[in-house]
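Okay, structure first, notes after.
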Amino acid sequence: MNLLTFDTHAKLHESGAGIITGLVQTNPRAVLGLATGGTPIGIYEEIVKSYQRGVVRFRDTTTFNLDEYVGLPEDHAESYRNYMNMHLFNHVDLPRAQAHIPDGNAADAQAECAHYDKLLEQAGQIDLQLLGLGHNGHIGFNEPDHALISGTHIVELREETRKANARFFDSMEQVPSHALTMGVGTILKAKMILLVVKGEDKAEIVHRALTGPITTDCPASLLQTHPHLVVLMDSEAGRLFQ
Ligand code: PGA
């Protein structure tokens, strides 16, 4: 595991973007696993700047997002499809047909999960999986539980996750109760994992996830088993490692 701590967000975002664009420069056909949430926004901004400078192209790249809310219209401001359009897809030349996100409005959610796993299988291994970290140790929307699921599945969001995400909605009632998420098996199969963690409020959970026992009570603790894990933290999140 390679832990990197940054004293400014600008440096963290540049480093994260540099790792992703560097991979696409050397392997334009890379398969990227992408994340949403507050954490990666600055990284996407830096990737867009690199694209605008003409130093990276995404024409041959394929992406798979980790998750999507169930029941939000695609064009809803807080759907993850809309988030990705706003922060990345509208600004780069990645063909939309190569930008995959689970369909949270599919009539048959189970069939949609199976379809997503089929697409992942056809794409081969994810080269780099970008991840944020939930306050309860979730990755994607794989919430702490007595058992975790390997493939894409429907999940009921925990109360603490809905509360954490309520900041993006007008009220708690509007936060969806369910989501579709890639499973931990798929996440751990990625060749490289780039975990990004920011803020004092994540200091304890990132320390527990990376140094504590490996347990399904903290899904991110499974990342300790990954042979190529890179962790980017700001100094607040990384406080307990110093
Ligand atoms: P955040 O979410 O980046 O908005 O803090 C991270 C997560 O829940 O995975």
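Cβ coordinates are placed from backbone N, Cα and C, and glycine is handled just like the others.
Whatever TrEMBL says is automated annotation, not expert-curated.
Residues or ranges marked as domain 'Glucosamine/galactosamine-6-phosphate isomerase' in TrEMBL: 17-226. Mean pLDDT for the domain 'Glucosamine/galactosamine-6-phosphate isomerase' (17-226) in the predicted structure: 97.
Summarising the annotation, TrEMBL assigns active site, proton acceptor to Asp67 (among others). Sequence-distant neighbours of Asp67 (active site, proton acceptor) (same chain, six or more apart, CB under 8 Å from its CB) are Thr36, Tyr80, Pro102, Gly140, Phe141, Ala179, Leu180, Thr181, Met182, listed in sequence order.
Neighbour list (Asn136 (active site, for ring-opening step), Cβ cut-off 8 Å, at least 6 residues apart, same chain): Glu143, Pro144, Arg158, Glu160, Thr161, Ile205, Cys218. According to TrEMBL, the feature active site, for ring-opening step maps to Asn136 (among others).
Among the features that TrEMBL reports, active site, proton acceptor is placed at His138 (among others). Taken residue by residue with DSSP, His138 (active site, proton acceptor) is part of neither helix nor strand, so it is coil. All protein chains shown were included, and the count of other CB atoms within 10 Å of the CB of His138 (active site, proton acceptor) stands at 25.
Residues or ranges marked as active site, for ring-opening step in TrEMBL: Glu143 (among others). When other Cβ atoms within 10 Å of the Cβ of Glu143 (active site, for ring-opening step) are tallied across all protein chains shown, the result is 21.
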